[in-house]
Amino acid sequence: MFMRKFWVSLILTVPVVLLHWTPLSFSGSEYAPLVLGTAVFFYGGWVFLMGAWREIRGRMPGMMTLIAIAISAAYLWSVYAVFAGAEALFWELTTLITIMLLGHWIEMRAVSGAQGALKELSKLLPDTAEIIHNGNMRTIPLSELKENDLMLVRPGAKIPADGTVMEGESDINESMVTGESNPVSKKKGDPVIAGTINGDGSLTVRVSHIGKKTFLAGVMRLVAEAQASKSRLQVLSDRAALYLTVVAVGGGIITFIAWLAAGAEVGYAVARLVAVLVIACPHALGLAVPLVASISTTKAAQNGFLIKQRLALEAARGVDTVLFDKTGTLTQGSFAVTHATSDEVLVLAASVNAHSEHPIGKAILAEATKRNLRLREVRDFKRVPGRGAEGTIDGKTVFVGNRGGDDIVIMSDGKELGTIGIADTIRAESKQAIDSLRQLGITSAMITGDSEQTAKQVADELGLDTYFARVLPEEKVQKVHELQKGGKKVAMIGDGINDAPALTAADLGVAVGAGTNVAIESAGIILIKNDPRDIVKIIRLSKLTYAKMIQNLWWASGYNIIALPLAAGALAFKGIVLDPAVAAVLMSLSTIIVAFNAILLKRRKLV
């Protein structure tokens with residue numbers, strides 16, 4: 001729209017400028033600028049007039065309001081001047097509108113480019129899907145795909161929907177969705193994500209989620225919501241833009257009256273009024289923060305973490321202590337049984353944990369299944385938070401859990417029957433994350449329900465600054481508060497479920513272990529990959545984002561401080577005066593500079 005209006009306005013503006021600056025004369029030439037100027041005002045300027053109407057109706061006067069007042073003042077004065085024999089401002093008016101249209105078009109291109117990555121996410125899905133029905137292959141539109149359909153994903157093809165691999169093996173490229181740079185191996189039983197690209201193998205996939213229920217749709221929804229939310233800096237810049245609008249209108253009126261009082265011609269005073277209103281347009285100030293926020297949110301998604309709350313990313317730059325939950329964060333969270341006192345002990349433990357969702361319970365059950373052991377019937381099952389689980393087997397109360405040591409103890413009616421050894425593996429990335437945090441001057445700590453011996457062993461291996469052992473789930477939030485009372489800015493990194501209160505209490509809550517679940521409410525940021533190194537990326541992105549916002553705010557504010565007096569004619573006695581057209585160029589340039597400075601954030605690396 002802006003581009004089309006620009007070209008039409010430019011064609012109409014050229015003769016107006018020629019008639020003003022050259023001695024061209026013909027019958028009715030004195031009315032030609034009026035006719036052409038009126039056409040430019042109502043055709044090219046209509047978008048600004050309607051924009052001003054929407055701002056005023058919404059009680060949020062801003063850029064469009066100032067431009068509308070400026071071009072209306074110039075037009076009305078010029079119409080009067082033509083019939084009164086005074087100096088009209090048609091060349092300034094037409095040039096001003098034409099330049100503003102071009103500036104808005106360039107700015108929209110810049111903003112569109114800044115948000116292009118989010119648009120690219122929407123293009124990841126294929127248009128069709130190949131389904132298997134009664135042994136026959138059939139290609140259908142993606143809109144007709146249903147949950148539980150069996151689909152064939154050929155080598156190199158995009159996966160149409162979330163699902164589970166039923167047959168075949170392949171390496172999947174998930175980089176465009178999760179930020180994982182290396183291909184991820186998939187086999188029978190593994191989940192796959194819509195929009196990712198299949199490798200060299202063919203896969204038969206059972207559809208689990210389609211449309212708005214897919215992981216990709218969830219990512220796009222979170223990114224859009226985060227872009228719509230506001231940080232403290234954005235609220236500040238919005239308020240400043242509103243104040244600047246009021247100052248501009250007041251300053252323009254004062255400038256107009258002052259020049260009339262000084263004996264200037266009305267046309268000159270109107271030109272100064274128009275220049276002040278145009279130069280003071282708060283668009284650069286209003287764009288300074290939200291555009292950076294939009295880019296940073298999209299950049300986060302590209303790097304494997306989702307920002308649910310803008311304030312969370314803003315808080316990350318001030319973090320000086322990172323508190324990691326051990327299991328599933330610093331360690332793999334994939335437990336394995338190392339030893340058991342006897343098969344009977346293993347049977348009892350597995351029976352109690354038959355329906356457990358806890359990783360340790362699953363490991364015990366897996367070992368019993370591996371040994372082909374027959375489970376017993378369990379009644380009155382209940383979990384003992386932070387300690388284990390218990391149930392009734394053959395009339396006896398069997399407890400399976402932690403008694404303060406490294407092994408899992410099995411007790412029957414209070415009598416110890418034996419123990420089961422459980423091992424967890426430290427993530428290879430954890431050491432790198434701790435080292436990177438240390439380089440940033442950030443303290444790294446670990447919190448766990450494990451024994452002092454186990455916690456110390458992990459802490460020493462990773463080089464952690466401190467650790468907290470034997471902490472029950474409900475006590476984690478107390479540790480966060482203790483650190484905060486000591487003046488620390490705490491980032492809590494946990495699983496988003498068991499650690500929910502601690503994540504909420506921390507200055508920054510980051511959920512790991514979410515996988516394709518993006519609906520975690522307790523965390524401000526979600527890690528798609530279970531990679532502790534991503535916390536370093538979050539902190540770096542937060543600092544880069546804040547720096548860009550400050551740069552843009554300084555530019556937008558500094559530009560107005562310098563340009564406003566010039567537009568008002570403060571240096572007119574030295575022959576330095578900004579015409580409305582020049583003011584339009586400077587205002588547009590200021591906005592474009594802010595936009596392109598924000599776009600530079602896209603090129604910054606987080607590692």
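Numbering starts at 1 and runs along the chain as it is shown here.
Here the Cβ of each residue, glycine as well, is placed from N, Cα and C on the backbone.
Quantities reported herein were computed from a predicted structural model and do not represent experimental measurements.
Listed in TrEMBL:
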type	residues	note
TRANSMEM	35-53	transmembrane segment
TRANSMEM	65-83	transmembrane segment
TRANSMEM	89-106	transmembrane segment
DOMAIN	123-223	domain 'P-type ATPase A'
TRANSMEM	240-262	transmembrane segment
TRANSMEM	268-293	transmembrane segment
TRANSMEM	553-576	transmembrane segment
TRANSMEM	582-601	transmembrane segment
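Sequence-distant contacts of the transmembrane segment (89-106), counting only residues of its own chain at least 6 positions beyond either end whose CB sits under 8 Å from a CB of the stretch, comprise 2-3, 5-6, 9-10, 12-13, 16-17, 19-21, 33-34, 36-37, 40-41, 44-45, 47-48, 67, 70-71, 74-75, 77-78, 81, 267, 270-271, 274, 278, 579-581, 583-585, 587-589, 591-592.
Mean model confidence of the domain 'P-type ATPase A' (123-223) amounts to 87 (pLDDT, 0 to 100 scale).
Below 8 angstroms of C-beta separation, residues 30-31, 33-34, 37-38, 41, 45, 48-49, 51-52, 55-56, 89-90, 92-93, 96-97, 100, 245, 248-249, 252, 266-267, 270-271, 273-274, 277-278, 280-282, 580 of the same chain, each at least six residues beyond the ends of the transmembrane segment (65-83), sit close to that stretch.
With pairs at least 6 apart in sequence, the transmembrane segment (553-576) and the transmembrane segment (240-262) have 3 or more Cβ pairs within the 8 Å limit; the two touch.
For the transmembrane segment (553-576), same-chain residues at least 6 beyond its ends with a Cβ under 8 Å from one of its own Cβ atoms are 233, 237, 240, 244, 248, 251, 255, 259, 272, 275-276, 278-280, 282, 284-285, 287-289, 583, 586, 590, 593-594, 597. Among residues of the same chain six or more beyond the transmembrane segment (268-293), those with a C-beta under 8 A of the stretch's C-beta atoms are 62-63, 66-67, 69-71, 73-74, 77, 87, 89, 92, 96, 100, 107, 111, 114, 227, 230-231, 233-234, 237-238, 240-242, 244-245, 247-249, 251-253, 255-256, 259-260, 310, 545, 548-549, 552-553, 555-557, 559-560, 563-564, 566-569, 578-580, 582-584, 586-587, 590-591, 593-595, 598, 601. Broken down by DSSP into helix, strand and coil, the domain 'P-type ATPase A' (123-223) contains 19 helix, 40 strand, 42 coil.
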